[in-house]
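Below is one structure, written out as structure tokens; the observations come after it.
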Amino acid sequence: MTTLSLTQLLIFSGFLGLIFGSFISMLSWRLPRIMEHDGSEQLKIISMGGSKCPQCDSELPWYRLIPLFSWLASRGKCHHCQVNISARYPLIELTTAIGTILVAWQFGLTPMGYMALVFTLILITICVIDFEHQLILDNLSLPLLWLGLLVNTQSVFTTPTEAIWGAAIGYMILWLVFHAFKLITGKEGMGYGDFKLLAALGAWFGFVALPQIILIAALSSILVALIGIALKKRNVNTPMPFGPFLAIG
């Protein structure tokens, strides 16, 4: 079998990442709505229906679903109603492609690389939903946590002991921060989904990675908040998702 060169691998990974990104953009749009309409007739429509224009509800043909290129070719407009299609779709696809390329460049076609790719795809999905809905779903964060623990039974990214402690300490740190903040201010500063996400990151990379993750997440979130306030795009009471900043860390 011919071995792929690094350049070929990265190009292939980029195209594969666009496909994964297209799926993530669909999944991240549908999952919160599925949770919202759980048990209703609308649930079947949301979960099983084909991709449609969110404005005119017209079905999108297959050639309009080609990741990134379809959006560029149509100049970001629906082929039927000519209303602008959100840039979220190409942005998610492009972000996922970049993430897939970085994983391939770092790990190559190895078991560690495959696990890192699964981690990256789930994490991107979590971040998109949290950014758009301020919500981290248990059916994403908990599988990520358990998968991290299972992967590290073979010491892939860290030792089993560090993975277990990472999950426990990660959850406990934000749990303590949450209750301390609530005790002082009477307000809830974050959601329980953030606890579970940090626990998942601890399960994947061990407790030794937690200080760096928390520091970068805290500093980057403060910086973004200050920039938003300076530009008058937000105020001190505007809620801000913390999950994407944990992912950056």
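For all residues, glycine too, the Cβ spot is worked out from N, Cα and C.
All TrEMBL annotations are machine predictions without curation.
According to TrEMBL, the transmembrane segment annotation covers 6-27 (among others).
Per TrEMBL, the feature domain 'Prepilin peptidase A24 N-terminal' maps to 16-107.
Residues or ranges marked as transmembrane segment by TrEMBL: 89-107 (among others).
For 113-131 (among others), the entry in TrEMBL reads transmembrane segment.
If you look up TrEMBL, you'll see 117-225 marked as domain 'Prepilin type IV endopeptidase peptidase'.
As annotated by TrEMBL, transmembrane segment applies to 140-157 (among others).
The transmembrane segment annotation in TrEMBL covers 163-185 (among others).
Using a Cβ-Cβ cut-off under 8 Å and counting only residues 6 or more beyond its ends in the same chain, the transmembrane segment (197-230) has close neighbours at 119, 126, 136, 141-142, 144-146, 148-149, 151-152, 157-159, 162-171, 173-174, 236, 238, 240, 242-243, 245-249. Residues annotated as transmembrane segment in TrEMBL: 197-230 (among others).
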Where does the mean pLDDT land for the domain 'Prepilin type IV endopeptidase peptidase' (117-225)? 94
